[in-house]
Amino acid sequence: MSSQTPVVTVDGPSGAGKGTLCMLLAKKLGFHLLDSGAIYRVLALAAIHHGVDTESEDALVPLATHLDVQFIAEGDLVKVILEGEDVSGELRKEETGMAASKVAALPRVREALLRRQRAFETAPGLVADGRDMGTVVFTGAQAKIFLDASAEERANRRLKQLQDKGLDVRFADLLSEIQERDDRDRNRPVAPLRPAEDALVLDSTSMTIDEVVEKALQYIESKLAE
């Protein structure tokens with residue numbers, strides 16, 4: 001068995017169920033959790049809290065380098081703790097999202113956040129959720145999973161989520177949004193969305209979450225025992 005800190009990466013397109021899978025894996029394995037998709041929003045929120053200009057690389061790089069953030073699986077949710085405060089609700093605000101898109105466009109900030117994400121690799125282990133965790137951030141991870149599902153299934157899941165919240169949405173619109181995002185993610189010049197060569201590809205289209213977790217755990221346990 002490897003003496004290095006075990007890292008499990010879960011990549012895949014939007015709506016495939018990565019967040020739920022990672023939360024459940026982190027709980028079952030007793031590992032730390034990294035939600036890389038939220039990290040730019042967290043940095044943007046830290047900048048807002050500290051009065052830092054979200055377009056200033058010089059000001060943002062030290063903030064990114066020392067970003068004090070934790071992702072904690074609790075119940076059915078992942079709580080985001082920034083500087084000791086639960087900011088899960090604030091992360092979803094439009095203001096935070098707009099600031100995050102500015103932050104994400106700055107190359108030196110991206111580099112600083114890449115190093116900060118790698119610092120999550122601490123004992124007893126890490127489950128990292130994202131789009132390029134296995135191909136860019138943790139290329140040496142012992143267990144890599146690429147979780148996929150058809151665009152139609154992902155649109156159906158999103159439709160149900162939004163309808164459960166009382167929102168009136170059309171399946172065709174959601175499907176179109178998902179297909180456009182897939183196209184952007186898979187064809188972007190930097191870190192395009194693709195499975196790592198050594199990843200287990202899991203298609204969750206016709207699987208329950210319990211089946212996905214069981215398959216993933218079997219694979220992880222076999223890789224960590226090598």
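Any Cβ shown, glycine's included, is placed from N, Cα and C.
Now, the feature entries from Swiss-Prot:
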| type | residues | note |
| --- | --- | --- |
| BINDING | G12, P13, S14, G15, A16, G17, K18, G19, T20 | ATP binding site |
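Counting only same-chain residues six or more apart in sequence, the Cβ atoms lying under 8 angstroms from the Cβ of G12 (ATP binding site) belong to K18, R131, I145, F146, L147, D148, L193.
In the three-state DSSP classification, A16 (ATP binding site) falls within coil. Residues G12, P13, S14, G15, A16, G17, K18, G19, T20 make up the record's ATP site, and a Cβ search at 8 Å around their centroid adds L21, L147, A149, R154 from the same chain. S14 (ATP binding site) is surrounded by 16 other CB atoms, counting those within 10 A of its CB over all protein chains shown. When Cβ atoms from all protein chains are considered, those within 10 Å of T20 (ATP binding site) total 17, not counting its own.
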